[in-house]
Amino acid sequence: MVVSEWDQLKLHLQEWVEECRESSAAGKVAEYIPELSKAKPDLLGIHILDAQGRSISAGEAQDSFTMQSISKVFTLILALMDHGESAVFAKVGMEPTGDHFNSIMKLELVQPAIPFNPLINAGAIVVSSMIKGENAEAKSARILSFFRELAGNSNLEYDREVYLSESKTAHLNRSIAYFLLDKGVLGCGVEEVLDIYFRHCAIKVCCEDLARMALVLAFDGKDPLTGKTLIPRRYVQIAKTFMVTCGMYNGSGEFAIEAGLPAKSGVSGGILTLVPGRYGIGVVGPALNSKGNSIAGVQLIERLSQALDWSLF
Ligand code: GLN
């Protein structure tokens with residue numbers, strides 16, 4: 001008897017979660033944003049959603065966490081929808097750095113001085129400064145309502161504690177923003193752009209929200225559950241390409257070899273990934289590896305991809 005992929009998932013997902021959970025012990029919860037250090041290190045959850053609205057979840061998939069860098073994929077898309085490709089890529093590059101996500105090392109290396117890509121902090125800060133709106137509040141409101149639409153969840157909100165915690169301690173991001181201001185690549189002032197950036201990083205989600213957002217990317221911008229096109233296909237193509245080349249920061253190469261899927265991680269331990277034309281997937285596991293990616297989450301996605309032959313390559 002041939003067991004369908006969906007049945008295989010139903011059969012094994014919980015067991016794979018428990019196996020991968022063990023690797024959390026080798027990781028560390030992010031502490032540089034003090035509020036994130038409260039997360040449970042051995043938590044691991046996953047939610048997988050398909051185009052018919054069928055879902056499978058395992059582990060602590062209901063727990064909520066902040067999007068952090070996962071949000072950068074969607075602010076990039078919104079900036080592209082606001083301004084088009086040539087305006088956005090005049091201010092931010094398309095190349096991986098091979099450096100840590102908050103590194104300032106390469107900022108001075110290129111002329112004009114634009115960040116290497118939109119998924120490192122420097123690039124995402126530039127992107128946040130490009131979102132259209134009257135003022136910081138209006139820009140943040142547009143981002144939140146775009147995210148709510150993509151997640152099919154009108155209740156998405158900021159985690160105020162995490163937002164304040166990052167805002168008070170973000171000396172490195174502040175220095176990056178001042179550098180960008182000096183080079184003339186910021187579309188607004190330092191505190192305004194950081195407020196927008198910290199807010200979208202602090203949008204609170206659960207694995208199901210990430211899976212639904214990922215499903216829209218998996219279906220080229222059309223939400224298969226409503227039939228509504230939310231993002232032009234070209235911008236999804238750009239976002240997915242960045243996810244493959246830079247989505248897991250300086251761990252992107254290894255992840256492409258081991259899992260072969262577009263993915264984006266955040267320091268809260270969240271990972272959004274997808275199987276094109278098939279599934280949207282949200283994962284959370286707060287213990288991080290040295291690259292700032294969820295240690296158990298990475299292992300779980302690699303495990304799934306290898307078991308079910310999902311690699312795109
Ligand atoms: N808000 C975080 C920061 O700027 C996002 C980083 C991340 O998730 N990798 O440091």
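Using the three backbone atoms N, Cα and C, a Cβ is placed for every residue, glycine included.
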* To do: Name the one residue among Asn121, Asn135 that TrEMBL lists for the same substrate site as Ser69, Glu166, Asn173, Tyr197, Tyr249, Val267.
  => Asn121
* If you count Cβ atoms within 10 Å of the Cβ of Asn121 (substrate binding site), leaving out that atom itself, what do you get? -> 22
* Structure fact -> Those binding-site residues among Asn173, Tyr197, Tyr249, Val267 lining ligand 1, judged by a Cβ under 6 Å from any of its atoms, are Asn173, Val267
* To do: Output the one of Ser69, Asn173 that, of all these binding-site residues, has the highest number of other Cβ atoms within 10 Å of its Cβ.
  => Ser69
* For Val267 (substrate binding site): intrachain residues, at least 6 apart, with Cβ closer than 8 Å -> Ala30, Ile33, Leu36, Gln68, Ser69, Phe101, Leu288, Gly292
